[in-house]
Every structure is written in structure tokens, then in C-alpha cells.
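Trainee: If you scroll down you'll find the structure; I have some questions about it.
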Amino acid sequence: MNPNQCSFCGKKRNEVQMLISGQNGFICENCIEQAHSIVKDTVSPAGFSPAESIDELKKPKQIKEFLNQYVIGQDQAKKQLAIAVYNHYKRLLHAKDENREVELEKSNIIMIGETGTGKTLLAKTIAKELNVPFCIVDATILTEAGYVGEDVESILSRLLMVADYDVEKAEKGIVFIDEIDKIARKSDNPSLTRDVSGEGVQQGLLKLLEGSIVNVPPQGGRKHPDQKYIQVNTQNILFIAGGAFDGIKEIIERRMNKQAIGFSAEKINNVGEDEYVLKNINAIDLRSFGLIPELLGRFPIITYLEKLTKETMIRIMKEPKNSIINQFVELFKMDGTKLVFTDEAVEIIVDETMEKGLGARGLRGTTEKVLEDYMFTVGEQDEIVLSKDNILINK
């Protein structure tokens, strides 16, 4: 045993930052990191175990009840999502039956709603309940093959990573494609300058969505000829897409000829009127927005998320199991400080967030700003009561 070199890579003591001794040798910090990486990639935790029988599978009502604990409002979207997800995993169980006479096709889902209405949270929560691998992909970073950016196959690389490279588990996972509206075709004229982050990406997504065997680079990134690939069958992967689709309301109104019936701009902008219009959304509207028919054919379920009212935002602050209030109360409790939010304080936080148009996602940022000074001096007070008299928001 040489005390002046790593027993694994052979580097000398003066070539590394540290050497850690064991019973029969020494190891440097580089070899420790490499060993950790190997263990992480090869040893899978008990992890994901989706239902193996119809009796184990949660019924749509039970799935919605679970969603209610974490997501406030959006009852119609939760109902549609619960049914779609239940049918998808029932389809997986049906596929195991060798005597089946009917093939059940997959139903991917598109969710439409403004920023911060809960699209990502719904998808994330449902994956948690079903105990399946889940990943989020931002559609804006995807580009057509051969251009700078990420290939659509990188979506599966992320899912594999979450499933600890267990292909069988990854093939039963859920992928959430965020901001799918940003890859809408920029023009109705396909002969214009190549749209590498729009229609090209939509075309690239088709083979993933319909169910095919895809060669995936093990560590993500671009493909190259000498690379070894992992084959992933996307037939049983559920794809949920979400987007704000700014301007979709006007497209629906034009189709329905609503403006011609004499609705004033004031009434059209009313929250109730927004909901009425969005309830009538269909594939024709999304095609007019810029999604290609082939892509829409692979997203048969279209649901919308309602615009959040002040009342709903207040409930979001207070009611979920992991509500923002509960999280900050717990944080302060760890330092021996009791944190109390009065109703007035909650209302001020909600008003400020709505003024900025940030949706539910913005509530945390506003609350962080309100508590900034208290968090800086945490532990100095036994109790902090937030009220309209001491709440301060720096504009």
C-alpha cells in the first residue's frame, strides 16, 4: 500500500486535493465522485411500482380526491384528467392479456390555461399518486434534428434518468411537455424560412406520441454515430401537454361568431364569459392557432383550466396539504418561531400577485418578499403575526 498515491487511479498525492485512507489502500476525491456516479446509475431504489391489477388501480373518483388535497379548484380539468389517466393505465393492464381481441389506443392530453393556473402541478401530483416516473420538458428548448438545441429524443433521456435508467419503468411513465403553444407553426405558408423550433419540432414529436421504438442517447444530448443507444418503446408512455395559448379565446370567438352577436368588449373580458368561451375549445381552434393536424390527432383529449379568481388564490394559499402558508410556518417553526398569517395579510399577498399577473405560481415569490426581513433575523422573535399594519411589499 503506497500512502502517496490513489490505489484506484494511481495519481500521486501532489496531483490531487486529498487522499482518504482505508484498510488496504487510499482513494482520491476524483475516484470517490466517479464511484458515486456509478452507484447512482446502476443501483435502483425500490422506487416506482405502478398497479399490477385492476383492483390495485385507483378509480377516477379516488384520483380526483387525491388531486383535491393538493390542487384547489379546476374541478372539470381534474375530472377529465382522472378519467384519462385511469383509462390509460387500465389500457396497460389490458395489453398484458394475451387473449385480448380489441386493441385499446392511447389518449394523450392537452391542457390549456394561463400561467400559474395549475397545469404542471396537476400532472406532477397525478404521477405522484400513481407512483410512476414523471418528467417535465420545456418545449421551447426543442429544435428540429440537425439544428442547435435539443432533439425530441432528449425528452426520453430525462424520463430514463428519473426512472434510474430502468427502461421497463420509464415505458410506463408520464411526460409533461410544457409550453407546447410555443412550438405552434409561425405561418400558414409552409414554404417560408424553415421553422426549426415550430412545425419541425411538432413533426419530430409525432413518432414519440403515436408509440414507436426510439433510440435514445443514454446521457441525453445529440446523437452521434459511435454512440450506444437505449431503445425505448413509447407506446405506453402517457404524454400530457400544457400551454397558455395566448389569443386562443379570440380564435374560438371568431369560430363561434360571438363578436357578431353583439357582446361588448367589457362582457367578453368578464371571467364568466372567458369560461364560457374556453369550454367550447376544440381541435379546430388549436389548428388555427398553429398546431398541425397530425399532432392534434395524437392528443384526443383537450381540457382547459379556468382563470383563477381572488377567492381561489386565497384558498390556494391556505388549503392544500403543502400550502404556502403551511410551508413557511414549518420553516419558522424549525427556528422556534411561531408564524401567523392574518386573513388581511393573505389578501394583500394575493392582491399583489394578481396585480403582476403571475397566477398561483407567483404567490410563493410574493410571500418570500413579505417575509424577507423576518427570515433574515429569524430566531430573534418567539412569534410573528403578519397583518396589514406590518406587511411590507417592495414594489
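Backbone N, Cα and C atoms are what each Cβ position is placed from, and that goes for glycine too.
Automatic, uncurated: that is what TrEMBL annotation is.
Per TrEMBL, domain 'ClpX-type ZB' is recorded for 1-47. Taken from TrEMBL, the feature Zn(2+) binding site applies to CYS6, CYS9, CYS28, CYS31.
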Trainee: Which residues does CYS28 (Zn(2+) binding site) neighbour through Cβ under 8 Å, counting only same-chain ones at least six apart?
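Mentor: For CYS28 (Zn(2+) binding site), the qualifying residues are CYS6, PHE8, CYS9, LYS11, VAL16, GLN17, MET18, LEU19, ILE20.
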Trainee: Tell me whether CYS9 (Zn(2+) binding site) sits in a helix, a strand or coil according to DSSP.
Mentor: coil
Trainee: Using a 10 angstroms cut-off on Cβ to Cβ distances, just flag whichever of CYS9, CYS31 is the loneliest among these binding-site residues.
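Mentor: Among the binding-site residues CYS9, CYS31, the lowest count of other Cβ atoms within 10 Å belongs to CYS9.
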Trainee: Which whole-number mean pLDDT does the model give the domain 'ClpX-type ZB' (1-47)?
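Mentor: Result for the domain 'ClpX-type ZB' (1-47): average pLDDT 75.
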Trainee: Neighbours of the Zn(2+) site CYS6, CYS9, CYS28, CYS31: Cβ within 8 Å of the Cβ centroid, same chain, sequence order.
Mentor: SER7, PHE8, GLY10, LYS11, VAL16, LEU19, PHE26, ILE27, GLU29, ASN30, ILE32
